[in-house]
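Comments concern the structure below.
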Amino acid sequence: MGSQVRLVIAVCGIYATFLTWSLAQEPLTTSVWPNSAARFSHSSFIVLCQALTAAVVGLCYLKAQRSGYGAREFIRKHWADVAGISLTQALSAPAANHSLQYVDYVGYMLAKSCKLLPIMLVHVLVYRTPIGRDKALVGVLVSGGVALFTLGGAERKQGEASLYGLGMLLVSLFLDGLTNASQDRLLRRPASKKITGAHLMVALNTAIVLWNLAYLVLFDRTQWQGSLQQLHADPAILTYLFTYCACGALGQCFVFFTLEHYSSLVLATVTVTRKMVSMLLSIVVYGHSVRPVQWLGILVVFGGIIWETVKKGQRGSGQKSKQH
């Protein structure tokens, strides 16, 4: 199978799984369920279910590769990296899900599309890498667009709650930046045995399961009990939860496949465009009202992201022509 055909299959897989995933996520976390008269806001329980499903699917993915490098051996050799990456990932998801209680879903998706911001912060604060003027300009555009959209909503909640939700989104974005940078470094690290995307998928999701189990058992047993009680009272939640977990797990297979076999630029482009479609789909399906100032925010963010993507493509083409 040719490289282009594989890429098309991967892109279609990412779109199909994560578009369905996003449609299941919104009612799962924001609907007030009839029997319990409450939202299913148990973020750590949701992440636990998602990670457990992804670990099982990832193990099947790794077995299908027949690489001869098992998940246990990989985890033993790289347990420190796996623990660190999974911790930032485990903390990011509950923060993002929790923010949905205070900001609307389209604002959430818009913020999660801004991958440039956490990457810039990680490079400046963690790796002490200078940021060029182009990237700084895009960062300003993205920040301004997010602020316009999030603070310009038609139906505003209390000011403190909205600012709190925005703060939780920013924390989640920064943790995403740490996660992505560390994943990329581990995947491309020289090793005696080849590390694949399937190895990362199994190891990271297994660790996330352990992190969340420890949290629920040691610090928040009421969340575990509340989750089970609400699922018993409103069994319809299970349909959305299963769809959310299954689509997320299958989507991770395509994501790690793309990251392993193609450049991070390709994956970023696919991810950003998928999130754009998710936002527009959410507006159409769930009838969100969007003010003109919010549309301006969307245009500013997407304009900055697309401009940065074009600039990266031009730089890549220039480097290739120099090599020839």
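Backbone N, Cα and C atoms are what each Cβ position is placed from, and that goes for glycine too.
Beyond its flanks by at least six residues, the transmembrane segment (7-27) meets 105, 109, 240-241, 243-244, 247-248, 250-251, 253-255, 257-258, 261-262, 266, 270-271, 274, 277-278, 281-282, 285-286 of its own chain at Cβ-Cβ distances under 8 Å. Here Swiss-Prot flags 7-27 (among others) as transmembrane segment.
Cβ atoms under 8 Å from those of the transmembrane segment (42-62) belong to residues 28-29, 70-71, 90, 93-95, 97-98, 196, 198-199, 201-202, 205-206, 208-209, 212-213, 215-216, 220, 223-224, 226-227, 230, 241, 244-246, 248-250, 252-253, 256 of the same chain, restricted to positions at least 6 beyond its ends. Here Swiss-Prot flags 42-62 (among others) as transmembrane segment, drawing on sequence analysis.
All chains included, 23 other C-beta atoms sit within 10 angstroms of the C-beta of Asn97 (N-linked glycosylation site). According to Swiss-Prot, the N-linked glycosylation site annotation covers Asn97.
Swiss-Prot lists 106-126 (among others) with the feature transmembrane segment, giving sequence analysis as the kind of evidence.
Sequence annotations record features per position, and here Swiss-Prot assigns transmembrane segment to 135-155 (among others) based on sequence analysis.
The transmembrane segment feature in Swiss-Prot is assigned to 161-181 (among others); the stated evidence is sequence analysis.
Positions annotated as transmembrane segment by Swiss-Prot: 199-219 (among others). Cβ atoms under 8 Å from those of the transmembrane segment (199-219) belong to residues 44-45, 47-48, 51-52, 54-55, 57-59, 61-62, 69, 71, 74-75, 78, 82-83, 85-87, 89-90, 183, 186-187, 252-253, 256 of the same chain, restricted to positions at least 6 beyond its ends.
Residues or ranges marked as transmembrane segment in Swiss-Prot (evidence: sequence analysis): 237-257 (among others). Packing against the transmembrane segment (237-257) from elsewhere in the chain are residues 10, 13-14, 17-18, 20-21, 24-25, 27-28, 33, 40, 46, 49-50, 52-54, 56-58, 61, 196-198, 200-201, 205, 230-231, 267, 271: each is 6 or more residues past its ends and has a CB under 8 Å from a CB in it.
The feature transmembrane segment is assigned by Swiss-Prot to 265-285 (among others), with sequence analysis given as support.
Under the heading transmembrane segment, Swiss-Prot lists 290-310 (among others), citing sequence analysis as support.
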